[in-house]
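Feature list (source: TrEMBL):
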type	residues	note
BINDING	Cys418, Cys422, Cys445, His451, His454, Cys457, Cys477, His480	Zn(2+) binding site
COMPBIAS	362-372	compositional bias 'Polar residues'
DOMAIN	413-490	domain 'Recombination activating protein 2 PHD'
REGION	358-379	region 'Disordered'
Amino acid sequence: MSLQMVSSVSNSSLLQPGFSLLNFDGHVYFFGQKGWPKRSCPTGVFLLDIKQDELKMKPAVFSKDSCYLPPLRYPAICTYRGDTESDNHQYIIHGGKTPNNDLSDKIYIMSLISKSSKKSTFKCIEKDLAGDVPEARYGHTINVVQSRGKSMSVIFGGRSYVPLGQRTTEKWNSVVDCSPSVFLVDFEFGCCTSYVLPELQDGLSFHVSVARNDTIYILGGHSLQNNIRPPSLYKLKVDLPLGSPAVTCTVLPGGISVSSAVVTQTGDTEFVLVGGYQSENQKRLVCNTLVLEDNNIEIVERESPLWTPDIKHCRMWFGCDMGKGSVLLGIPGDNKQMISDANYFYILRCREAEEDEEEELTAQTCSQTSTEDAGDSTPFEDSEEFCFSAEANSFDVDDTYNEDDEEDESETGYWITCSAHCNVDINTWVPFYSTELNKPAMILCSSGDGHWVHAQCMDLSETMLLRLSEANVKYFCNEHVDLNKGLQTPKKMGQLKKQPMKPLRKKKAMKFTPVKKSFLRRLFE
């Protein structure tokens, strides 16, 4: 096992505890940044490039028929093949935390539809579920099992917020263990079924799960209710006959007391367990080999790498499986750094150099590692992160993401003074339109070189705003109205005062003076 330090280039603040790695066709993508995405990468998905000991990122895009995918941290993720004959796989993403600390109960299916040297395009769809739908959670695992030619997803563990009826002001964001139920999800019909097994008594989170064929092994984890890390090892077997599925659980000996560990696959039936915590105040620096053979699992301690002094003495660490026996590890930076939330990163290679060959990994791993913001919680288990296997390669990428290229939104972004009558203030602003979340809606005025104005300051109705965003027309703000060039915001006009109608005057009858007939004869003769 070898350990190598890598340096990040101007974007280390995006790599915070809670992110995930996705592997598509040998390329690794980063997902789950800490805050809301910025305009340079609205999807929050980046191509991860580790080249010459430097870590760079390139923004990815979504197709037009994709749904909205928030930057979820600590979700459960696994690979899924809708067609068993196809080599292309998809990712299932369930649960996780949004930047607003809300928990998601949605499930997404994400696939790569095109890849070029300059752009990666993804398609993301939200799957509708019915039946015993799992509650919103994080710190859990999801795996896909195959039995009798059919496949299903299995969701287990995690944490969720206290029910609304039990919340108090002081403990509004308190979390509890989810019930130890096992959920089967059938993606073909969108049905969910929960199973209560007597062997699973306590809820677990930040455990490790490894799936092969119709069997899932659940190792370690943390019970928040009892505040223990039991040396548990469970074997879930799923049978998918023509009728109702059958789920059985067996408690196996030889488990490990560990939480928040990372698992990487080094062979068809061999995995390596790295990192995690063995107690609330102690990291676990021992590594283990997991071997899945003959419908059983064998756990053997193996030689650990030469950890650096920074890793040994740090209070917390986090990491993600990069595939092919490699793990990306991160530790908090010191206070002397200019960037307060910057981290140091290492690549741990668990395979020998001659064994690092191209191969298709048929088994799945799903692990939950933790470490959240040290300022928000105590180190280790109360701070969480999820990591999943992926595969890191070097890419010839020129167009990399640089966080320094982002505009300062406090001056030139959403919080500008758009007009003389602008009333949008960053300190007092609240959403006005239904499409707004944490930034005001803006529209481009086509006058001159163009400038942005707040839709609310232009007195635009939501219907008109949607119409302008969909129509291919030019818009001119109240100060640059031009009727001959495009649409304009109608000016507010006072109501016209109606003049009361004057009554008609009666016309006087005309008086005729009688004329003698002899006079008329003389006139016409």
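Note that the numbers count up from 1, one per residue, in the order the chain is shown.
In case you wondered, yes, glycine gets a Cβ from its N, Cα and C as well.
TrEMBL entries are annotated by machine, without manual review.
Sequence features, as recorded in TrEMBL, placed on the structure.
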residue	record	Cβ neighbours (10 Å)
Cys418	Zn(2+) binding site	24
Cys422	Zn(2+) binding site	15
Cys445	Zn(2+) binding site	24
His451	Zn(2+) binding site	15
His454	Zn(2+) binding site	23
Cys457	Zn(2+) binding site	21
Cys477	Zn(2+) binding site	22
His480	Zn(2+) binding site	16
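Using the Cβ center of Cys418, Cys422, Cys445, His451, His454, Cys457, Cys477, His480 for Zn(2+), the list of other same-chain residues with Cβ within 8 Å runs, in sequence order, Ser419, Ile443, Trp452, Val453, Met458, Asn478, Glu479. Predicted-model confidence for the domain 'Recombination activating protein 2 PHD' (413-490) is 76, expressed as mean pLDDT.
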